[in-house]
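According to Swiss-Prot, the transmembrane segment annotation covers 33-53, 77-98, 113-133, 178-198, 226-246, 288-308, 320-340, 347-367, on the basis of similarity to another entry. Under the heading heme b b562 binding site, Swiss-Prot lists HIS83, HIS182. What Swiss-Prot lists as heme b b566 binding site is HIS97, HIS196. Among the features that Swiss-Prot reports, ubiquinone binding site is placed at HIS201.
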Amino acid sequence: MTNIRKTHPLMKIMNSSFIDLPAPSNISSWWNFGSLLGACLAIQIITGLFLAMHYTADTTTAFSSVTHICRDVNHGWIIRYLHANGASMFFLCLFIHVGRGMYYGSFTMSETWNIGIILLFTVMATAFMGYVLPWGQMSFWGATVITNLLSAIPYIGTMMVEWIWGGFSVDKATLTRFFAFHFILPFIITALVMVHLLFLHETGSNNPLGTSSDSDKIPFHPYYTIKDLLGLLFLLILLMILVLFSPDLLGDPDNYTPANPLNTPPHIKPEWYFLFAYAILRSIPNKLGGVLALVMSILILAIIPMLQTTKQRSMMFRPFSQILFWILTADLFILTWIGGQPVEYPFITIGQMASILYFFLILIIMPTASLMENKMLKW
């Protein structure tokens, strides 16, 4: 008798995606982060659902409803901190996942890569709107500052900002719609993930060598299911250490003060995962220029496939490109640090230099190094 997983219409799809999927035999632990992102999404949807049962999207009660969740709801504190720190884990995995794609040349699978960029933007939008919901000082002022950036768009900017706000300032209407969007977007993300996987399974996974894996494939289960479970275990250990020992480590103390439109916090800053983009935004004195640089800091990923000049897909055997990749990584760490610092000397100058280096590395230096490495192949 034929196995049910190979004949049942629904199980057949699951089988071809997660069980009998032919996978390259040599993919390293850097390939674990796709499944870890799936786990993060599941954690966020489940914890978010339970939080939504007790949260009220109203300016007068939002802050106290979050306090109520932490104090009065059974295990509410752990659900809330799992959700808040789960977002940090989500972005940590996202950045590593994108970095792996850049390092090993996965961006040559253009459909998968482009859906991935859309996913990155969607997750960033979801996280931003989620940060507004507790209605603390940083929630309110973060929402005010970031939504205000749209006013830099010529002619229609101000109209767009007021349209998003639902009035003339961030208020009840803004909070209500942000909650609605924050609730629906994870399900849109789930649909996009399915499209992402659909395109990935059309071409098959890349591997560290960047060569075709057709000659040597192994079934996904049990080899990579076990490997992914080990990665998941590490992720959960890290998440639980954060949640149980220092749940507020990555948060902002200002968000424990209820939102007050009459009192601006001394330093308005987003969560750590947005700091690199925030530093790029602040390093340009012109408002429109800053907004364009902010968008381009992420959108530049879409240009990377067009800038590829190398004859080798992976960076595994390209020492110059490897050095430049790790310089780019260090530059992103510097930008993240600068984003959390006040706007004063020497941080302004460091931020500007790091921002210039970021764009120069991706647009000019790395493609040039690839051309050089092509020449070296002939030596």
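In case you wondered, yes, glycine gets a Cβ from its N, Cα and C as well.
Bear in mind that the values here come from a model prediction, so they are computed numbers and not experimental data.
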Remote residues contacting the transmembrane segment (33-53) - C-beta distance under 8 A, at least 6 residues beyond either end:
69, 79-80, 82-83, 86-87, 89-90, 93-94, 96-97, 100, 182-183, 186-187, 189-190, 193, 228, 231-232, 235, 239
For the transmembrane segment (113-133), find every same-chain residue at least 6 residues outside the stretch whose CB is under 8 Å from a CB in it, and list them.
55, 57, 62, 66, 87, 90-91, 94, 97-98, 101, 106-107, 139-140, 142-143, 146, 174-175, 178-179, 181-182, 185-186, 188-189, 192-193, 195-196, 199, 270-271, 273-274, 298-299, 301-302, 305
How long is the line from the C-alpha of HIS182 (heme b b562 binding site) to the C-alpha of HIS196 (heme b b566 binding site), rounded to the nearest angstrom?
21
Could you list the residues of the same chain, at least six apart in sequence, whose Cβ is under 8 A from the Cβ of HIS97 (heme b b566 binding site)?
PHE33, GLY34, LEU37, GLY116
When you measure from the Cβ of HIS201 (ubiquinone binding site), which residues in the chain that are at least 6 apart have a Cβ under 8 Å away?
SER16, SER17, LEU21
